[in-house]
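S.K.: Sharing a structure, written as C-alpha cells. Questions coming.
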Amino acid sequence: MSALNKKSFLTYLKEGGIYVVLLVLLAIIIFQDPTFLSLLNLSNILTQSSVRIIIALGVAGLIVTQGTDLSAGRQVGLAAVVAATLLQSMDNANKVFPEMATMPIALVILIVCAIGAVIGLINGLIIAYLNVTPFITTLGTMIIVYGINSLYYDFVGASPISGFDSGFSTFAQGFVALGSFRLSYITFYALIAVAFVWVLWNKTRFGKNIFAIGGNPEAAKVSGVNVGLNLLMIYALSGVFYAFGGMLEAGRIGSATNNLGFMYELDAIAACVVGGVSFSGGVGTVIGVVTGVIIFTVINYGLTYIGVNPYWQYIIKGAIIIFAVALDSLKYARKK
C-alpha cells in the first residue's frame, strides 16, 4: 500500500470508522430479524431516543467545555422518583402521600428542574472554583445523589412508584397516530429542547463562550470570558435537562425506582462522541448529538430485539465507547 493510500485509509478510519462499525451491527440485527424495521419498532426507537436526546444535550454542553458528568444518570433517577411521588393519582391505593393532592405537572417540572439545577451548580462550583477535575467531581456527586435518592426511595416505601395521574400519563405517553406510525409527545418535547440548545450554542454569547472555553480556557479568560460563571451556568443547565429527562422517563415507563437512570450517562457520553462532540473541547453540533443518540438507541434496541444477552450488550457498548473515544483522540492528535 502506497504512503498516500495508507494516509487516506487512516484518515477515513479516524473520520468514519465508528459509523462503519455501527452500520455492520445494524446490518447484523436486520439480517437476524427483518421485522426490526417495522413502523411500530421505529416509533418505539424514536420515543426512546427522545428522552436520551434531552439527557445527551445536557452532557454535550459539558463535553464541549472539556468536562463530563458521571452523575447524569443518577440525577435522572432522582428526578424520576421525586416526580413520581408527586404525580400519583388520588385514587391510587398505594399513593405515597395519600393526603396530598396531585400536583400540577408544570409545578412538578419546576421542582425537579430546580433540584437538577442545584446539583449542577454544586458540580460547577467544585469544578470552576475548587479546580477539582470534572471526572472526580461528578463521580463523587454520582455516589451522593444515588445515596440521597435511595434514602428518599426507602422513606416512601422502597417499592416501584406507579399509578400516575391520567394527565401526567397522557403528557408522557401520549402520541399522534400517523397510520401505523406513532409520533409521541415526548418527541415534541425533545424537538423543543433541540431547538433551544441549537439557538443557545449558535446564536448567543453564552454559546460562543462555552466553545471558547472548550477550545482554550486560558485564551478565553484573556479575551474577557468569565470562565467560572459560564461553567456554573452550563452545569446548572445540564442538571435541568437531566431532571426533565428523568421526569419524562418515569412517565414513559409508567413507574420509577431508585435504580432508574443507571448507566444513562455512559450512553449519553457515547452518543455524544459518536455524534462528533470531541473530548478535546470546543467541537460539537446539536445535529451531531441527535444523530449519535439515534444511532446508539437503534443499536441498543436492536440488540435487545434480537435477544442478545444483556451482559454481551454491556461488552458491545463498552467497546463502542472505547473505539469512539480512541478515534476522537487520534483526530485531535493529528490536528495538534
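Using N, Cα and C of the backbone, Cβ positions are placed for all residues, glycine too.
Sequence annotations record features per position, and here Swiss-Prot assigns topological domain 'Periplasmic' to 1-16, 74-106, 149-180, 248-256, 300-305 based on a curator's inference. Taken from Swiss-Prot, the feature topological domain 'Cytoplasmic' applies to 38-52, 202-226, 327-336. What Swiss-Prot records for 17-37, 53-73, 107-127, 128-148, 181-201, 227-247, 257-277, 279-299, 306-326 is transmembrane segment.
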S.K.: Counting Cβ pairs under 8 Å that are 6 or more apart in sequence, does the total for the transmembrane segment (306-326) and the transmembrane segment (257-277) reach three or more?
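M.R.: In this chain the transmembrane segment (306-326) contacts the transmembrane segment (257-277) - 3 or more Cβ pairs sit under 8 Å.
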S.K.: Six or more residues out from either end of the topological domain 'Periplasmic' (74-106), which same-chain residues have a Cβ under 8 Å from its Cβ atoms?
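M.R.: Tertiary neighbours of the topological domain 'Periplasmic' (74-106) are 55, 112, 115-116, 119, 141-142, 145-146, 148-149, 152-153, 156-157, 159, 161-168, 171, 239, 242-247, 249-251, 255-262, 264-265.
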S.K.: Could you count the residues of the topological domain 'Cytoplasmic' (38-52) that DSSP puts in helix, in strand and in coil?
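M.R.: The topological domain 'Cytoplasmic' (38-52) comes out at 14 helix, 0 strand, 1 coil.
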S.K.: When you look at the transmembrane segment (107-127) alongside the transmembrane segment (279-299), do they share 3+ Cβ pairs under 8 Å, ignoring any pair fewer than 6 residues apart in sequence?
M.R.: no
S.K.: Going along the chain, which residues at least six beyond the ends of the topological domain 'Periplasmic' (300-305) come within the CB cut-off of under 8 Å?
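M.R.: Distal contacts: 25-26, 29-30, 33, 36, 41, 44-45, 48, 267, 312-313, 316-317.
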S.K.: By DSSP assignment, list the helix, strand and coil residue numbers for the topological domain 'Periplasmic' (248-256), in that order.
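M.R.: Each residue of the topological domain 'Periplasmic' (248-256) counted once, the result is 6 helix, 2 strand, 1 coil.
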S.K.: Counting CB pairs under 8 Å, which listed stretch among 17-37, 53-73, 257-277 touches the transmembrane segment (227-247) the most?
M.R.: 53-73
S.K.: Can you give the mean pLDDT for the topological domain 'Periplasmic' (248-256), rounded to a whole number?
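M.R.: Value for the topological domain 'Periplasmic' (248-256), mean pLDDT as a whole number: 95.
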S.K.: Check the transmembrane segment (53-73) against each of 107-127, 128-148, 257-277 and return whichever range has the most CB pairs under 8 Å.
M.R.: 257-277
